[in-house]
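Engineer: So TrEMBL lists these for the protein:
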- A:6-36: transmembrane segment (TRANSMEM)
- A:43-64: transmembrane segment (TRANSMEM)
- A:70-91: transmembrane segment (TRANSMEM)
- A:98-115: transmembrane segment (TRANSMEM)
- A:159-182: transmembrane segment (TRANSMEM)
- A:194-216: transmembrane segment (TRANSMEM)
- A:222-241: transmembrane segment (TRANSMEM)
- A:253-271: transmembrane segment (TRANSMEM)
């Protein structure tokens, strides 16, 4: 019965994640801990592995479309990978309750950022185009029907955000795209489509790195991870093929509030035990 | 588009890994479900699960290794060092974990 339950939860998480633009980890970890009473560390490890699976399954299309800035991502990932592994080791050292409390606080903040981003009007930031820039790249925009060139700036600032996201990723089993995408778009002036695709590519590397400490400490449940991966990939594919991405602000805010409720519930449980 | 040749190679690796992972994971899930009904436990299933997960985790790093060769031939030192740094760090963590 547990197999069906895990696949079903994976489908729901993948479906909601793809439609609402929030990573699966933010949904999977609290559900596993709150409803299926999984230990926090196992839930975090499962969250990380599903993130790797979704990232890998989407990245190959984005890379071919030229939406991933490989050079920028490799530069940003050097310190982010280290941060993620350090985060993973810290997560393993912390006890269940402390990790639950930290997760509750961070997920509340992420949910608030998600609500704010949902409300913020989507204005494309001014793209800087300098062909001599080290990170200059271009992609073919199918909506504009032309090649769009861009040169990322403020790399250090984006790197700091990326390191922060990496630490949380390894420690809490979340992707951190909610932090990386606005940073790339607003700080580095990267077009939003490239920011989303590059962040998704980077998240796969970060989550794969973050999962290593959990493997070393034997905190991974391979069976549960496989069932969840099947569900998440299936759910996200169905959502992306059959439905359009939800743009309704009210629904996004409602979902953000639901995430805050879940995170506060985790915080409460962590404090009360 | 910059580095299109590299992007094609990485994309191929990712596509291949996705296909294998999805098919293998679905198959394992179905077999596990059937075995669960008859209350049978096979250690080979756990081994297969580990193989799938290891392959999945290795995919992003395989992409980076391909990038290392590309940037080495194209003499892009900054990216080469960063990519090498990632792989060396991961290898060191894995070796340390294996020893301890």
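Every residue, even glycine, has its Cβ placed from backbone N, Cα and C.
Curation does not apply to TrEMBL; its annotations are automatic.
Remember, it's a predicted structure, so these values are computed and weren't measured experimentally.
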Engineer: Which residues of the same chain, at least 6 past either end of the transmembrane segment (A:70-91), have a Cβ under 8 Å from a Cβ in it?
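Structural biologist: Beyond its ends, the transmembrane segment (A:70-91) has Cβ neighbours at 41, 44, 63, 99, 134-135, 137, 152, 155, 158-159, 162-172, 188, 190, 198, 201-202, 205-207, 209-214.
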Engineer: Output the single range from A:43-64, A:98-115, A:159-182, A:194-216, A:222-241 maximising the number of Cβ pairs under 8 Å to the transmembrane segment (A:6-36).
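Structural biologist: By the under-8 Å Cβ criterion, the transmembrane segment (A:6-36) pairs most with A:222-241.
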